[in-house]
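What Swiss-Prot records for this protein:
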ACT_SITE  ASP92  active site, proton acceptor
ACT_SITE  ASP267  active site, nucleophile
BINDING   ASP92, SER93, GLY94, GLY95, PHE96, ASP146, GLN190, GLY217  substrate binding site
BINDING   CYS305, CYS307, CYS310, HIS337  Zn(2+) binding site
REGION    248-254  region 'RNA binding'
REGION    272-276  region 'RNA binding'
Amino acid sequence: MSRLQFQLQATDGHARRGRLTFPRGTVETPAFMPVGTYGSVKGILPEQIRALGAEIILGNTFHLYLRPGLEVIGDHGGLHGFARWDGPILTDSGGFQVFSLAHRRKITEQGVTFSSPTDGARVFLGPEESMKIQKVLDSDIVMIFDECTPYPATEDVARRSMELSLRWAQRSRDAHDGLGNDAALFGIVQGGVHPDLRSRSLDGLQGIGFDGYAIGGLAVGEPEHERNAMLEHLHPRLPAERPRYLMGVGRPEDLVEGVARGVDMFDCVMPTRNARNGHYFTSFGTVRIRNAKYERDLDTIEPGCGCHACSSGYTRAYLRHLDRCNEMLAPMLGTLHNLCYYEKLMADMRAAIASGTFVEFRRSFYAARGATTPPLPGETS
């Protein structure tokens, strides 16, 4: 039995305020999880991540299995000791990374055989292998092994993919339990943009029984309105007493719209990857620091921001200079800023839900960007 506890503390519309409790710590929800693909959130230290307000991070099963390998991580007692992060960690199953190797993999009932992107060797990964890897990683939330349905996909392709994922979900559950792993195990709802397939996937997963439910296959190129429609379809069907995780999404607007539709957890490489490309998130939009208009701009990225980059007075002109010179300080400062922005956004949403003012918060969020607040179901624009 999992040692994860989830407490739903407040709701405002469909938005949910809650708390995840693990032996390694608590996570206030809705939460954003910084991505540490190789056991490190690129460019910053674990203690800096914690200081920004992050309480849980994500590790990548697929990449850590290939490099450095389970023996090295096992020597450290698991991923926490290896990465020097003492809070909860969620590990994905490797399914999405296998999905991204479209031309180098073969899917069968047993699992997936693919060419390693590191050395070209043939590697097999299935539900049992994924559960064994995540047991060695000793993550606090384990994800089932699934097939990520591509977009676009015909209903027949999406159905066959969803049914395969359900069979793999049962095998993941059996393997996880057989290993005596008391980490939380999350199911992943698939089915593309077909509501009936999403319902069937969720029904099947609930029949197996999981500690939380992720919504997969919604960061693969589908239009925003189709993603939101799937979240709206699933919200009343997902068990209220279990956490909900929207995988791989995304922009600040996506987080706000996901929370408005009942999502509790998010992850995305966007704040860190975009920082390395000179894109800095702010309450008024994105500062693209490579734009010539910032060459002599003496403002910080966002005046009043409490991140190290802004509170220390580093100007946009200076950051543009660092970026143009390929100085490593530029992505470090940008990453600190972007993650600070994301974590503050989540904290502000938690406070708004708790106080019953999420509608006003959402309206203010878009107004600061000079944008019209998109209507929710049942509202008129």
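Keep in mind that glycine also has a Cβ here, set from the backbone N, Cα and C atoms.
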Between GLN190 (substrate binding site) and ASP92 (active site, proton acceptor), what C-alpha distance do you get in Å?
15
Cβ-Cβ neighbours of GLY217 (substrate binding site) (radius 10 Å):
33
For the region 'RNA binding' (272-276), find every same-chain residue at least 6 residues outside the stretch whose CB is under 8 Å from a CB in it, and list them.
34-35, 41-43, 286, 331, 334-335, 337-339
Within 8 Å of the Cβ centroid of the Zn(2+) site residues CYS305, CYS307, CYS310, HIS337, which other residues of the same chain have their Cβ?
THR300, ILE301, GLU302, GLY306, HIS308, ALA309, SER311, LEU336, CYS340, TYR341
Please work out which residue of SER93, GLN190 has the most C-beta neighbours within 10 angstroms of its C-beta, and give that one of the binding-site residues.
GLN190
Near the substrate site, what residues other than ASP92, SER93, GLY94, GLY95, PHE96, ASP146, GLN190, GLY217 in the same chain have a C-beta no further than 8 Å from the centroid of the listed C-beta atoms?
VAL98, PHE99, MET143, ILE144, PHE145, GLU147, CYS148, ILE188, GLY216, MET247
Write out the long-range same-chain contacts of PHE96 (substrate binding site), meaning residues 6 or more apart in sequence whose Cβ is under 8 Å from its Cβ.
CYS148, GLY216, MET247, GLY248
Using Cβ atoms only, which residues of the same chain lie under 8 Å from GLY95 (substrate binding site) while being at least 6 residues apart in sequence?
SER130, MET143, PHE145, ASP146, GLU147, CYS148, ILE188, GLY216
